[in-house]
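A short write-up of the structure that comes next.
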């Protein structure tokens, strides 16, 4: 869903990282790599609800259940699920503000990627009046006829 939108992808990381860091300090959580992974998985799973996921070759389910399955697996390994819950919560906040709320009656986009990120990371828009040179045009390039 981020193809051609590198700045939006980086902004999602920045938004998630800042929010997780703030919430992590409140909960005394300092190693948030797993939370970042859970956030990314949550956003992907919500944007791909019909994708079937095979979990370790044992279980097959729809993508929106993947973050919860990963949290359950983390619990089985004896890890604290607070980090997973933090990632899922931040992923849900991002998903809601980016995909749900703008599509509601009276809703609008609240998360806007800063212009400097778009200028820095996204490819410039192509000019519709640009005519490429013959060697840049697609198609077979034939050598000139011999005389």
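Placement of Cβ uses the backbone N, Cα and C atoms for every residue, glycine included.
TrEMBL: automatically predicted annotations, no manual curation.
The compositional bias 'Pro residues' annotation in TrEMBL covers 135-147.
Positions annotated as region 'Disordered' by TrEMBL: 128-147.
Long-range contacts of the transmembrane segment (12-44) within the same chain: residues 2, 63, 66-67, 70-71, 74, 82-84, 86-95, 98, 111, each at least 6 residues beyond the stretch ends and with a Cβ under 8 Å from a Cβ of the stretch. As annotated by TrEMBL, transmembrane segment applies to 12-44 (among others).
Taken from TrEMBL, the feature transmembrane segment applies to 51-70 (among others).
The transmembrane segment annotation in TrEMBL covers 76-97 (among others). Cβ atoms under 8 Å from those of the transmembrane segment (76-97) belong to residues 12, 15-16, 19-20, 23-24, 27, 29, 31-32, 34-43, 46-47, 67-68, 70, 109-111 of the same chain, restricted to positions at least 6 beyond its ends.
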| message | How about long-range neighbours of the transmembrane segment (51-70): same chain, 6 or more residues beyond its ends, C-beta under 8 Å? | response | 38, 41-42, 44-45, 84, 87-88, 91
